[in-house]
Amino acid sequence: LQVVMQLFLTVCWLLPYSLATCGLFSRRLSSASGPGPKVCIVGGGPAGFYTAQHLLKARDDMVVDVYERLPVPFGLVRFGVAPDHPEVKNVINTFTQTAQHERCYFYGNVNVGTDVSVEELRKAYHAVVLSYGAEANRSMRVSGEGLAGVFSARDFVGWYNGLPSNKELQPHLNCETVVILGQGNVALDVARILLSPLDLLKKTDITQHALDTLAASRVRRVLIVGRRGPLQIACTIKEVREMINLPDTAADMLPADFESISEALKDLPRPRKRLTELMMKTVKTESGQHKANKSWGFRFLRSPLEVLPGPDGKRVAGIRLAVNKLEGSGEDAKAVPTGQTEDLECGMVISSIGYKSLPIDPCVPFDPRSAIVPNNMGRVKDTAGLYCSGWVKRGPTGVIATTMNDSFDTARMLLKDMDSGMLNLSVNKPGGQEITALLKERGVRAVSFPEWEKINLEEVRRGTAVGKPREKFLDVKDMLAVAWS
Amino acid sequence: GVSKPCVHSLSTLLDTPTLSVHLVDVKSETTAHLLLHSLCWSSSSCKVLLHFVNQSGMKTSVSAMEGESLLEVVINKNLQIDGFGACEGTLACSTCHLIFEDGVYEKMEPMADEEMDMLDLAYGLTKLSRLGCQVTVERWMDGMTVRVPQEVKDRREKPEAEI
């Protein structure tokens, strides 16, 4: 009996072990086809990867596939974050761990909406999360917007950051003054790149064509224009501090803009108070100093009315602004035109008044007014099994931590719906296998994460040769050639 | 004399492993522990007991090393705080936001402008908030409790009937 017992115990002890080993093996080989929830994420930017991260961590039977239009992952961390902010790009390390997770698959070079429809994804997966961001920009809707020398900040940022669709932008920086419309962090990024010493930019992953153009730049003055006052400015303090600390660049502010606001200062919440105090301190210390070769400054209470052409009628030579006054106070104050106007001379206008999401598929609800997918805490309105996270969910604002929290929120909601049975997990879903077959039929070849890593290595190698952390490929064709080499 | 070399060698050791959020370099951690035992066994000065209360209110107690940052403690002790330290301690985000006890906060080294700049963007900012990557564990902190800001996720949640 004792022997039998012992044998029994040994088997009991070994069984789970061998089962676990088998399980591990089979999962590695065919993780896309086994039972368990399958979720697909549309968009391989921060929102997509943070959503994936939370889902993978919460359930160890969950398979998450990430679809991305470009062959390269990380969205605006690669194409939006300024090249001189490499610290922010550290989030890529965590995204890479997520993508390398044994239950996560990256499908780059797949355009959801054209290569595969959202309907097809919904059929193949238990849930679909839209996190494709905001690819368009809000337009100023003023005459002269089409003149040469007028750019959207989104295109300008895409150009210096190597977004393939912006590689032909060719901005000529042969003017002294640039006017940027909008006072958010993107506006300040653009201003900083225009005014930074070339030696600093040379050590970043800014594209070589941007570096060459900036080397020949004649830009010496950047004015950053906002429709409301200093107390409503949208940028954050770190970016203002960076402007103040730019070498050989003076702050050119108008002291009158700050005269009436010291009264309101004491009642402000800390972040707004510190930002305002920093600007006021800059006005005081900088006025009367003209030793620097370059300058930047905020211009408040101005809205664009018309971009003015030069004598040739083709290129921008200035901008006409409406002078505003504020109605109400605090964050909700409204800019109201006074009827007065003011012209500013400039050789370049960059509009940085916000990004905008676009509808992806006719079957997905879209609110054209707010340019988001209408949702309740990440659940897409009237569409079971469809979720959203990031900018397409809440609009194009906030820092990376905002998108992180917002993506975790959506993931929590999705998990809750799985637990409650609102999402039916009893049906097996084919997941990535079915979509891969569909794509093959349509002649679309996806870029896997290991294939992206080949692109990554090559970019880093090219960068190292010129003293940069990376030299990005600007052409999708070149990316694919390396990925599939 | 015992604590000084201990702090130095340990912090160099703990700085070397890649500060990845999910993976803890097991080998270095083990080495660090061995070192801790060989150098500080008789003196309690290197080990500092810390209590962490996570987003959902759960408390974990760990023994940290003097000289480590609180971000390093969270990573090295695998405290599983979601999204903690996204920029890996480079003062480029506010995800390692921690809230301290009243008496403890005042005793800490003053904040640099750059830390406060980032903290100003943090969720649930309080008067006792700091960034974990900027706070170094010191001997006097033994026994202190730090809190991760509570999840505020459900405050806007509407009844399910509305969608």
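Cβ coordinates come from backbone N, Cα and C, glycine included.
Binding of NADP(+) is annotated in TrEMBL for A:GLN183, A:GLY184, A:ASN185, A:VAL186, A:ARG227, A:ARG228, A:GLU239; the matching candidate from A:GLY36, A:GLY390, A:GLY398, A:GLY421 at the same site is A:GLY398. Secondary structure at A:VAL112 (FAD binding site), taken from DSSP and collapsed to helix, strand or coil, is strand. Considering only the binding-site residues A:GLU68, A:LEU76, A:VAL112, A:GLY398, A:ILE400, A:ASN185 (NADP(+) binding site) has A:GLY398 as its nearest partner by CA-CA distance. In sequence order, the binding-site residues from A:LEU76, A:GLN183, A:TRP391, A:VAL399, A:ILE400 that place a Cβ under 8 angstroms from a chain B Cβ are A:VAL399, A:ILE400. Cβ crowding, taken as the number of other Cβ atoms within 10 Å, peaks at A:VAL186 among the binding-site residues A:LEU76, A:VAL112, A:VAL186, A:VAL399, A:ILE400.
Of all the binding-site residues listed (A:GLN183, A:ASN185), A:ASN185 has the fewest other CB atoms within 10 A of its CB.
The two recorded residues, A:VAL112 (FAD binding site) and A:GLU239 (NADP(+) binding site), have Cα atoms 35 Å apart. For A:ARG227 (NADP(+) binding site), the nearest of the binding-site residues A:GLU68, A:TRP391, A:GLY398, A:ILE400 in terms of C-alpha separation is A:GLY398. The distance from the Cα of A:GLN183 (NADP(+) binding site) to the Cα of A:ALA47 (FAD binding site) comes to 24 Å.
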